[in-house]
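**Student:** As annotated in Swiss-Prot:
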- Cys254, Ala255, Ala256, Pro257, Gly258, Gly259, Lys260, Asp277, Asp303, Asp322: S-adenosyl-L-methionine binding site (BINDING)
- Cys375: active site, nucleophile (ACT_SITE)
- 397-419: region 'Disordered' (REGION)
- 400-412: compositional bias 'Polar residues' (COMPBIAS)
Amino acid sequence: MKKQNNLRSLAAQAVELVVEQGQSLSNVLPPLQQKVADKDKALLQELCFGVLRTLSQLEWLINKLMSRPMTGKQRTVHYLIMVGFYQLLYTRVPPHAALAETVEGAVAIKRPQLKGLINGVLRQFQRQQETLLNEFATSDARFLHPGWLVKRLQNAYPTQWQHIIEANNQRPPMWLRVNRTHHTRDGWLGLLEDAGMKGYPHPDYPDAVRLETPAPVHALPGFAEGWVTVQDASAQGCAVFLAPQNGEHILDLCAAPGGKTTHILEVAPEADVLAVDIDEQRLSRVYDNLKRLGMKATVKQGDGRYPAQWCGEQQFDRILLDAPCSATGVIRRHPDIKWLRRDRDIAELAQLQAEILDAVWPRLKPGGTLVYATCSVLPEENRDQIKTFLQRTPDAALSETGTPDQPGQQNLPGGEEGDGFFYAKLIKK
């Protein structure tokens, strides 16, 4: 069956679901991808990610060029116009094709009477583009982040906040993790070169490789056989700090989708690993990852605040707590985060993190290691969280990562490096 859906209208619907209904793009996009031909999937993804990355700018332009916002049943048209702006500003789609296809999108969303309006706004933008962009360059919207997040970053990083924002607005590099049970990193890099691709090793994380140019996973040597996994370099730091050993009982808490679970088992194939996550649906991806890599772990659904429900009285040699967080360190990878999070979420997340930490600490054996990690850059979830935990937990000591006054290691997103990530390694006295 030939797939004939209008890409621009699908992108507009996806962005509307994210911004208006708070759905994540990772949930919204896959069903829409099924509606388009394989050759068009990359463009649909580019339009969705791109519009969400630059949403502040596109919204600003609409407010300049339209006297009143589109509301109610016409709201999708608002996002369709954004898709048009994005193509004209950021893609290599020829302007005449961008205009024609975007205008035609009105028919696909059953608003053919608005074709003239869409065409008029996009043509007006083309005529005024230089003037508008000069004005935009001095507006608050130029940071492409919600105001509350800009303020938090300015407060937390007085000299680095612009670097963080610029990094968040870039396209992310593609990092891989070589499965050391199959190949050395250098050995796999040789296979990659034989396949006509180039990769670069990370200086600190022994399994990490950055592709010179992102590629589909099926093109990677041995991906289906489990020789390599897509995982950001910073996420690989979790297993480095955890340093799992064969024969140990290890808890991976908040484990989905299973990237860190499988990394633990690559480092320590004889470890006994329990992977727990609250989200039953996302646990299916843990099973998928274990299966592709040919590994075994115990996988359970459970709430980190109530360990008795999923592990009884069991104690562990090592615990990895990749805590639920604002994900403000991975915005370049998931631009919808900027529009899904709210300022009030941060205090709620910090409270949840503290509850999980307090609940699982008694499950760590004396002398054991707990690595607390987040993909956040906000101190409330990171340094402040660990500082207060150490103050109220006399048998916890910091190891390798920072000082009691400035606990943990904070990686900031940037360039070809890894995502924004925080780690604190704690030892039980």
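Cβ atoms are placed via backbone N, Cα and C, with glycine included.
Predicted, not measured: the structure shown is a model, and the values here were computed from it.
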**Student:** Cα distance, Cys375 (active site, nucleophile) to Lys260 (S-adenosyl-L-methionine binding site), nearest Å?
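**Tutor:** About 13 Å separate the Cα atoms of these two residues.
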**Student:** Just going by other Cβ atoms within 10 Å, which of the recorded positions Cys254, Ala256, Cys375 has the emptiest spot?
**Tutor:** Cys254
**Student:** Including all protein chains displayed, how many Cβ atoms other than that of Asp303 (S-adenosyl-L-methionine binding site) lie within 10 Å of its Cβ?
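**Tutor:** Result for Asp303 (S-adenosyl-L-methionine binding site): 14 other Cβ atoms within 10 Å.
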**Student:** If you measure every Cα to Cα distance among Cys254, Ala255, Ala256, Pro257, Gly258, Gly259, Lys260, Asp277, Asp303, Asp322, the residues said to bind S-adenosyl-L-methionine, what is the biggest one in Å?
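**Tutor:** Farthest-apart Cα atoms in Cys254, Ala255, Ala256, Pro257, Gly258, Gly259, Lys260, Asp277, Asp303, Asp322 are separated by 19 Å.
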**Student:** Compute the C-alpha separation of Asp303 (S-adenosyl-L-methionine binding site) from Cys375 (active site, nucleophile), stating it in Å without decimals.
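**Tutor:** The Cα atom of Asp303 (S-adenosyl-L-methionine binding site) is 19 Å away from the Cα atom of Cys375 (active site, nucleophile).
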**Student:** Where's the emptiest Cβ shell within 10 Å among the binding-site residues Gly258, Lys260?
**Tutor:** Lys260
**Student:** What are the helix, strand and coil residue counts for the region 'Disordered' (397-419) according to DSSP?
**Tutor:** 0 helix, 7 strand, 16 coil
**Student:** Quick check for the class: what is the C-alpha distance, in angstrom and rounded, between Gly258 (S-adenosyl-L-methionine binding site) and Cys375 (active site, nucleophile)?
**Tutor:** 15
